[in-house]
Amino acid sequence: QVGYWNDMDKLVLIQHEPTLGNDTSAIENRTVVVTTILEAPYVMFKKNHDTFEGNDKFEGYCVDLASEIAKHIGIKYKIAIVPDGKYGARDPETKIWNGMVGELVYGKAEIAVAPLTITLVREEVIDFSKPFMSLGISIMIKKPQKSKPGVFSFLDPLAYEIWMCIVFAYIGVSVVLFLVSRFSPYEWHTEEPEDGKEGPSDQPPNEFGIFNSLWFSLGAFMQQGCDISPRSLSGRIVGGVWWFFTLIIISSYTANLAAFLTVERMVSPIESAEDLAKQTEIAYGTLDSGSTKEFFRRSKIAVYEKMWTYMKSAEPSVFTRTTAEGVARVRKSKGKFAFLLESTMNEYIEQRKPCDTMKVGGNLDSKGYGVATPKGSPLRNAVNLAVLKLNEQGLLDKLKNKWWYDKGECGSGGGDSKDKTSALSLSNVAGVFYILVGGLGLAMLVALIEFCYKSRAEAKRMKVAKS
């Protein structure tokens, strides 16, 4: 039965839901050619692949995915590596498709199970399943060297400008305290000599001379106190606000000090696509004949248009034939080349030795990988349903964890962590020891000068007394 007739709707056609068996009945008795591309961790040769035959030579995410899809559909298949090693792009002059897309368009393969991005231009000539992996274009750079702590790294918790403001505040408070003490009558000692004693008191008429004011401010800032304190209300107001100021500054400094001294930091020269576009020192490029290149070619966003203008005119060419070539260029560039590629591949390479690359910034777009079939293929619906079923069963996430993270070679933290906590080393606090030694040396020098000055003054006094 294909339909029925009623008075209201006239002819009503019955839509039959396709089944996996109906979709694949035409190819049940033959082997389906599955085109793919050698790209770790999607498709790779096994270490001892020479001892195997057929599909057993390969391993990887897409190899496992193809096996699971074949089980759900009930077909036999043969993995064939695309001869030109390309994903698929149309030549603007000849209009001929290359890569895996070309294999499907020209009937050389019936399924493409690979990291093949779903795009509009490809969807016009082939069919895609629902995405089996979501991703976006990302930036790969060579991992910068961890910045070595400077001799005075203990000053890093506060910016240079803040330290300068603290110095000026210290001098300003000392001067104000000195002036207030001079103007206020309550800071002056007017006591008469005690009965039975002659001569003025040994205590100075005003304790807050300029040097004592500096000493009081320094003691308060270091939270050590001082043997003198203001007696007048105005002087105590100056001291109170200075104590409050030092409380906040010292608390803020202490809170940040531990993080700055125990964390090794990597300073990345690039943090986003905008950073790449506005500089000229670091070259950047992408894979030739791929969706990333097509994204920049068609983009109407000003930043990406600027990047595309640079890439297509750069000499030497910044386009690479394979992802491996682009990664090798990043590693050899000493930080002078950035590679634009899918985030999934970026994350995978970041987990592989020698662990010298890293992903920076967010993704430039959002897209997905899909299993491709020729237009009108009887496998289309069956493949699509198989991918959806695998996703609902959680097998797609399980496969990604297996090939990305379970086999990682750069530790559990991978390359995602830019900061690494470690114990304090001498280099972190060397400046403190330098200041200590310098202060002790200065004290010895001042003591020697004081001794010489006092000895000379005493000699003059004795000489005058004798004469």
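Residue numbering: from 1, along the chain as shown.
The backbone N, Cα and C atoms fix where each Cβ goes, glycine too.
According to TrEMBL, the residue from GLU68, GLU161, GLU342, GLU347 that belongs to the L-glutamate site alongside PRO115, THR117, ARG122, SER291, THR292 is GLU342.
Per TrEMBL, the disulphide partner of CYS410 among CYS226, CYS355 is CYS355. Recorded residues CYS410 (disulfide bond) and GLU342 (L-glutamate binding site) have their alpha carbons 20 Å apart, per Cα-Cα distance. Annotation note: SER291 (L-glutamate binding site) sits in a helical segment as assigned by DSSP. Looking only at Cα atoms, ARG90 (site 'Interaction with the cone snail toxin Con-ikot-ikot') sits nearest to ARG122 among the binding-site residues ARG122, SER291, THR292, GLU342. Of the candidate recorded positions, ILE270, ARG297, CYS355, LYS389, the one lying closest to ARG122 (L-glutamate binding site) when CA atoms are compared is ARG297. DSSP states for the domain 'Ionotropic glutamate receptor L-glutamate and glycine-binding' (41-106), grouped as helix (H, G, I), strand (E, B) and coil, give 27 helix, 13 strand, 26 coil.
For CYS410 (disulfide bond), the Cβ neighbour count at a 10 Å cut-off comes to 16, with all displayed protein chains included. Averaged across the domain 'Ionotropic glutamate receptor C-terminal' (31-406), pLDDT for the predicted model comes to 87.
Annotated pair THR292 (L-glutamate binding site) and ILE270 (site 'Crucial to convey clamshell closure to channel opening'), C-alpha to C-alpha distance, rounded: 19 Å.
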